[in-house]
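Q: Okay, so Swiss-Prot annotates it like this:
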ACT_SITE  H125  active site, proton donor
BINDING   D64, D92, N124, H173, H248  Mn(2+) 2 binding site
BINDING   D64, H66, D92  Mn(2+) 1 binding site
MOD_RES   K305  N6-acetyllysine
MOD_RES   Y306  phosphotyrosine
MOD_RES   T320  phosphothreonine
REGION    306-330  region 'Disordered'
Amino acid sequence: MSDSEKLNLDSIIGRLLEVQGSRPGKNVQLTENEIRGLCLKSREIFLSQPILLELEAPLKICGDIHGQYYDLLRLFEYGGFPPESNYLFLGDYVDRGKQSLETICLLLAYKIRYPENFFLLRGNHECASINRIYGFYDECKRRYNIKLWKTFTDCFNCLPIAAIVDEKIFCCHGGLSPDLQSMEQIRRIMRPTDVPDQGLLCDLLWSDPDKDVQGWGENDRGVSFTFGAEVVAKFLHKHDLDLICRAHQVVEDGYEFFAKRQLVTLFSAPNYCGEFDNAGAMMSVDETLMCSFQILKPADKNKGKYGQFSGLNPGGRPITPPRNSAKAKK
């Protein structure tokens, strides 16, 4: 019997959730075999599902988490722990924060437990060459061993890349690509795959919108491109979509609109790295595709954990206009 068949998921999830309400930073040490089992079983499920997911509302969409495990628990407290709500995460689960292992293990455990209600996309940090440098490798090496980090790499190489919600909301981690002409191109990407230095897969995980760019521009990250509002409008029109939902950039209010509200950036790690005073946000999409935003305020700046206000209805006017906020690049 393989590790994945022996997984006691309820026990694993129970232990991961036990630290709720504890001082942030308290670790949960699963066994190496349990973690390996989570990686192997979730990898199997990722490969059994499409690389371009076709999802149905209602669901909640979350942006970058970056190892901020206690903030992930706050998101679930606020949005409802699975299976109470359906979730789509847009990538960047690991690196930078202190508890990448707890974060990714809980997400993988929920994926295995609720495979049709819980979805994870790949971010640019779910890539060996990136998380080797920005913290995840060191955390794996310190708490377990390098072999386990390699097992995570094999799992990450099988994550789906994009999702379309009810044929109207296109979701990915980074953004658009000059190479993307048809959705079939995404469907044709074979897994497992590393993230290449350029091309369609790279762009979907790395590109950024830029209000000062017309068409396509150079990206300050040194990878991929930036794209302007007209690129967004043309893409939506061509594919009969209403909205692009992406993550990948710190935004002050946890969410930020672009291109006349045709694109929204979500970032779900409040007080990112302890260096930014940003809120985190989660976007709730109801059955009518009305989108509203649930806000996690920066924890230490506010007595109340949460704030909530509603946002856009794709193709319509928002209830609450977005506040202007400065973007910070990760």
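Yeah, the Cβs are placed from backbone N, Cα and C, and that goes for glycine too.
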Q: Any idea what the Cα distance is from D64 (Mn(2+) 2 binding site) over to the residue listed as 'active site, proton donor', rounded to a whole Å?
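A: A Cα-Cα distance of 10 Å.
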Q: Inside 10 Å of the Cβ of D92 (Mn(2+) 2 binding site), count up the other Cβ atoms and send me the figure.
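A: 30, counting other Cβ atoms within 10 Å of D92 (Mn(2+) 2 binding site).
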Q: Using Cα coordinates, what distance in whole Å links N124 (Mn(2+) 2 binding site) and H66 (Mn(2+) 1 binding site)?
A: 11
Q: Whole-number Å distance between the CA of H248 (Mn(2+) 2 binding site) and the CA of H66 (Mn(2+) 1 binding site)?
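A: About 11 Å separates the two Cα atoms.
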Q: So how many other Cβ atoms are close to H248 (Mn(2+) 2 binding site), meaning within 10 Å of its Cβ?
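A: Result for H248 (Mn(2+) 2 binding site): 27 other Cβ atoms within 10 Å.
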Q: Out of D92, H125, H173, which of these recorded positions is nearest H66 (Mn(2+) 1 binding site) by C-alpha distance?
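A: Smallest Cα separation from H66 (Mn(2+) 1 binding site) among D92, H125, H173: D92.
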Q: For D92 (Mn(2+) 2 binding site), name the DSSP secondary structure in the helix/strand/coil scheme.
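A: In the DSSP reduction, D92 (Mn(2+) 2 binding site) maps to coil.
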Q: Within its own chain, what residues at least 6 apart in sequence put their Cβ under 8 Å from the Cβ of H173 (Mn(2+) 2 binding site), listed in sequence order?
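A: Set apart from H173 (Mn(2+) 2 binding site) by at least 6 residues yet with Cβ under 8 Å, we have L90, G91, D92, L121, R122, G123, N124, L204, L205, R246, A247, H248.
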